[in-house]
Every structure is written in structure tokens, then in C-alpha cells.
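First the structure, in the form of C-alpha cells, and then the observations on it.
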Amino acid sequence: MEDKYSVESAEALANEALRLPISEAVPIYEQLLATFPTAAKYWKQYVEAHIAVNNDDATKQIFSRCLLNCLQIPLWRCYINFIRKANEKKGLEGQEETRKAFDFMLSYVGSDIASGPVWTEYINFLKSLPAQNPQEESQRMIAVRKVYQKAIVTPTHHVEQHWRDYENFENSVSRALAKGLVSEYQPKYNSARAVYRERKKYVDEIDWNLVAVPPSGSLKEELQWTAWKRFLAFEKENPQRIDSVSANKRISFTYEQCLMYLYHYPDIWFDYATWHAKSGSIDSAIKVYQRSLKALPDCAMLRYAYAELEESRGAIQAAKKVYESLLGDDANATALSHIQFIRFLRRTEGVEAARKHFMDARKSPNCTYHVYVAYATMAFCMDKDAKIAHNVFEAGLKRYMHEPGYILEYADFLSRLNDDRNIRALFERALSSLPPEESIEVWKRFSQFEQTYGDLVSMLKVEQRRKEALARTGENGASLALENSLQDVVSRYSFMDLWPCSSKELDHLSRQDWLSSNGNKKVEKSSLVNADKNPGGQILSNVSSKVIYPDTSRMVVYDPTKQKPGVSISTPVLPSISTTLLSSSVLATGGVPSVPLVIPKPLPPALSAFIASLPPVVEGPVPDVDYVLSICLQSNLPIMEQPASIDVNKFKPRDRQHGKRKDADRQDEDDSNTLVQSQVQAPKDAFKIRQMRKSRVGGAQSGSAVSYATGSVQTGSASYGSGFSGEHSGSFG
């Protein structure tokens, strides 16, 4: 089924209507505007189609339908252009009609931030009026001055241009008078300009081309709702500090504009009506509610809010009509509407009126047990008549014995009466008829009741019966459900928010309860790849078949910095590694694989390639790695002698940096060259090598110091060679 609020379909209809003659386009426009009654662009298109064929009567009728609900400047400018064209040949009478139309227009949309051109057009119209004598000229100047003074204090896009035009106008009339008037209105203009700059920030967040559709929860709709809420809050603060009448008028205008786009949002209607009521304008609030019910006829919230407003101001009959509209033809009336109407009648007309409607509501096809509970509670709490309340509950029990909610409400009522005998009888009757899966809450309430009213024997008896009844609904069988647990003790000996254990102990009990209820669930047997036999060839029979162990060869730590674009991070599948780890873990734990304590990390590429080249399966016993390493460490391995001559340059890494190298690198290179060229056997100990280098460096530095002390004067810069060989090279200037 096509959505009637589809914006794409609406645009298609509007474009189709443009190509048709007006007689054929009228049904399309009417259908379109019935769905989108606040779409100003469709109204403007509709009225322009009539203006094009000079159908003035239809044009006026359309304007009367849309202008007050669509406060948009383009539509209103279309209206004023039509009025001016219709009155341009009527002389003074036509000029007066046009002036009244301008005043009417500015009274509704004059505070719009985009109304600047309308103010300018009105001023130019007044200036163009003919003046036959000085008196008429003076009246015209006064009229122009009043419009200017209104325009310069209205925060619009053209407020600065209006101020400049106003200064020029006053100076052209009288320079002496202009100075006083300009200085008087300068602060007001400055305030309007400052408010305009703040106002523009909120206006720019609003999409003025949207069409009002029911909320769908999209991000764009939520952003627009937020933007309008912020704009309304800004206007309610009265930033320009104008009088309350003007401020309320501006706020009302903003609400009306908001409803053009959020027409199907009940909260906007409610806020608008509530604002009117708080401002003291109850009649305006009622009109808003009446409009909202036409816009959203299926919204029960607005109807209840409207009825509440009428009742609060003493209009009982008006409120009753609203409640009756909620009931409708009684066939579609909900249980909630019956309940609220019974309460309304009890408040306004008395006990008999409420009882009469309750008797009628019982016959409604949509009556539920809630109606019985509501009327019985009202009779007990408001009328103080426990007998009637008891009779109502008993009457409802015949129809709603299968409803756990009704049983619990009836039990609460009997608890207020302290009637423990009837409470037990009620629970027994209900539990005998309710299926086990629907009786969980009833059993819980029965146990709580026995903890309050019963003795230890009755408490334990009900607990056992509860377990037996609910064991058939559990997945773990009756044996687990029938077991006694410490949770039962906690349940019996806790009171409100007081517990016989600490929060840590309670958390521990909860975990143990969960483990006991989930530990016996059947799981698939875990497959142990290449590790299902021990070194002796016996099958590992004690490996738990109910625990699934991960494949450690595929466990990879995610590292986004090492991931190349388009390549997923993974390590090669290494059967030998997984087999070795699993076999060693099996041996270490006596046949049960141990859970790895550390998540394996990805291997370096070179090591991965090396391990991958190893045989996939190692037959035979698995060696004890620690024992092998200890034997190697205790053995006296022969020390290999260093060859007499080694080409060190062969092993030097290629210097990838073209340019200077560090002095330390050159020092190490010279050390190696000197050791090789002298063919002296270097010590095997690294500590002795470092000591030898330090002694050579110390000798070179001492030689330099002696040279300086003997009077050798060196200028320029010197670069020192290898301290190990004692070479000294420098450049002198």
C-alpha cells in the first residue's frame, strides 16, 4: 500500500497539476492539500493557477482557507500582489483597501525574519500615495514614519537597510527634528540588530522547504524538531526585552510557523496550548486543542489533555463531550477510555453515574479485567465500601481466573483487608487452573505472602510446592529445580532493601546459580587435532567432552597499525605448533588440556616461515624442553677460535643514509679494522672488549691534552678518529 504521506508522490502530483487546465487540476490540488494542509508551496501553486485565469472569486476563497494557517512570506506576498492588482483602478477606495491589506499582512507575518521586503514595499506604497494639500502630505509623512519606526525595531534580514533609509527619510523631512528622533530610536535599533544576529543562528538550522509528515524517527526529523525547540526557547526568553503583548505575539507566531512543519507532532500542540494557558489565555488554549484534534483525530493524549483543561476551568459538559468522543460508538472504545470516563463521572456526577457506566462497560466487547480492578479500587478507596469492592473482584474472578495480573490485584486488595484466609483460598484456586508457565509471578507472590502471614512450616511447604510446579517449565529438569540452595535462604530472610549477605556474596550466589543452571547443558564434543593420544599411545579418556577449546593456531591479537589496506590480519595455520602446544598441555595437566593464560601473539614473518617449513607431524615421544635446555647449559661446549683474517666489510650493513655518519659508527668500524689488520686474537668476553675500548679512548684523549699543554695552538675545527687505534686527524685554519 502506497504511503499517502509520500513526499515524492506529492511532488509528482503537484507537477502533474501544473500541466493540466485549472478545471482538471482542482481535484488534484484538493487531494494534495487535504493530505498536506500546511504546505504553503502547494497553496501558492494552487492560488496562482486561479489567478492566471482571472478567477478572482476562487482566489479569494483559497486565500481565506490557507492564509491564517500558513504564515509564510511568499504566500502572503502573493496575496498582497493580488489585492494591489484588484484595487489599482479603484482610486482612493482601492488605495484604502490596499493599505488595510498591508496592515493585515504585517500584523500576522510582520515579525518574520524574512519580512523585510514586505516592510519596504509598504513604505514605498505609502510614499507613492498622492497628496492634494499640505495636510494630506503631513498625514502621509506621519504614516511613513510610523511604519519606519516599526520596521527598524523588528529583527529582520533588512533591519540595517531600514535604519539607513529611516535616517535619510527623517533628514529629508526636517534635520532639526531628525536628530532627536534618530537619537531616540538608536538604542532600539541596536537591540533589534543584536537580536537579529542571534535569531539568525536559530533560523539557519531550520529547513523551510520541508513538508509536514508524521514522525518516522529519522535523524533529519529529530534535528528539525530540536532546531524548532531551540528557536521557541529563544523567543520565550524575550531577548529584545519588548512589552509582554508584543513578546507573546511573536511567540505565538513562532509556534504557528512551527506547526506548519511539525503538524503531526502532538507534543508541539500540547506545548502551544499549555503556553497559552500559562499566559492566561485559556480561550486561545482551547482553540489550539480543538485544532489539534482535527489535525490528529486518533491522538488520545491530546483529548485527555483537552478534557483536563475544560474540567479544570469548570466546563464539565465540554469535558464530558471530549470523554464521550473517546468512547465513540462503544464498539471501538478501549478499556482505558471506559476507566477514565468512570473516574470522571465519579468526580463530577457522583457514585451512581460511575456505577451505571461500569455496568454498561462490562458488556463492551473490549472490556478487560482492568475495568473491574479500576472500579473495585475506586469503590474501596473513594467510596470506602469494601463490600462492593469485594463483590466486584469476585464477579471479575469468574471471567478472568486465567489472568495472573487480575489474581495479583485481587490478592493485594485482600491484603489490605488483612484477610489471610481468603488470600490462601484465592492462591489455591488460581494455581489449580493456571498453566505452570503463567503462574511464576503468582507463586512468587504466594511465597511472599507466607513469609509475612505464615509460619516456618507453611513457608517451606509453599517453597517446595513452587519448585515442584516450576520444575516442569525449566530446561534443566526437576532434579535441579528441587535442590535447595542458599538463594532460598536469602529470599526468605531479606526484607525490603535489607539483605542477610553482602553485595559481594549476593553476586557470588547469583553466579553460582547461573553456573548450576547452565553447567549441565549439552554441548558438542571438542575435537583435538593430532593430539588425541598420549606419548604411550593410550587414548585420553579423561578429556572433558563438554568443554570446547579454541584452536590456538588461529588466535590473533588485532593490531590495526600492522594491517595493510585490503589485507586481513592472520597468521599461517601451523599444525605442528597447535599439536605441540596441545600435547604439552595435555601432558602437563595429566590428560586434560589447560586453558592458555596468555593470548598467543602473531609471530614475526621470518619465524613463521621457518616454523612452516618444519615437518607437520612429529612421531614419537615429545621431549621435555626444560630438561633439554638444562643439559645444554650444564655442558662444556668447545669454544671456536676466531679466524686469522676476516673480511669485515662483507658483513657491514649498507649505509642507506647518504651524508655524514655519526662518530660512534666510525669509531666501531675503525676498531674492527684495526683488530683484523693486526691479526691479534680479540678477547672472547664482551666486558673485556668494552674495557679495552675505554683504555684506548682514554689514551687518545690524554695525548691530545699533552699536545695542548706543550703550546701547540690549533684553530679551526678538529674531527677525531678512532680512539681504539689512536689516530688523530684534523683540519686547521
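In case you wondered, yes, glycine gets a Cβ from its N, Cα and C as well.
Just so you know, TrEMBL annotations are computer predictions that nobody has curated.
Annotated compositional bias 'Polar residues' per TrEMBL: 702-718, in sequence order.
The domain 'Suppressor of forked' annotation in TrEMBL covers 3-506.
Per TrEMBL, region 'Disordered' is recorded for 648-733.
Residues annotated as repeat 'TPR' in TrEMBL: 266-299. The list of residues near the repeat 'TPR' (266-299) in space but at least 6 beyond its ends in sequence, with Cβ under 8 angstroms from a Cβ of it, reads 37, 228, 232, 236, 248, 251-252, 255, 258-259, 305-306, 309-310, 313.
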> Counting by DSSP, what is the helix, strand and coil composition of the repeat 'TPR' (266-299)?
Replying inline: 27 helix, 0 strand, 7 coil
> What is the average pLDDT across the repeat 'TPR' (266-299)?
Replying inline: 96
